[in-house]
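Chemist: Look at TrEMBL and you will find 4-107 tagged as domain 'PTS EIIB type-3'. Annotated phosphocysteine per TrEMBL: C11, in sequence order.
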Amino acid sequence: MSDTINIVLCCSAGMSTSLVVEKMQEAAKNKGLDVDIKAVPVSSVEELDSSHKIDILLLGPQVKFKLNELKGVYKDQNTLVDVINMMDYGMINGEKILSDALKAYNK
């Protein structure tokens, strides 16, 4: 893919995902992937600038209760909305989280 894939992670406050984002960015750089990854609190995910296309929206396990709501919000934007595996999240396994997200996105 030549276009940047925009990935947004969200959790209850946007802080716990910051380490995951760093690990994902490191994994993407090592693999030469063109991705933009950032973290936001779940309370502000719907307020993101509409000009910023979100390709993949990943929810931290602590906000998985928002999954169906956010799938509804982003259904017309062709955005993959999913929950990060709890074990991978807890182990801050950015490489696996990135890999799983890209596999699901490219299906």
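Cβ coordinates are placed from backbone N, Cα and C, and glycine is handled just like the others.
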Chemist: Can you break down the domain 'PTS EIIB type-3' (4-107) into helix, strand and coil residue counts using DSSP?
Modeler: 54 helix, 22 strand, 28 coil
Chemist: Using Cβ atoms only, which residues of the same chain lie under 8 Å from C11 (phosphocysteine) while being at least 6 residues apart in sequence?
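Modeler: When sequence neighbours closer than 6 are ignored, C11 (phosphocysteine) has T17, A39, P41, V42, L59, G60, Q62, V63 within Cβ distance under 8 Å.
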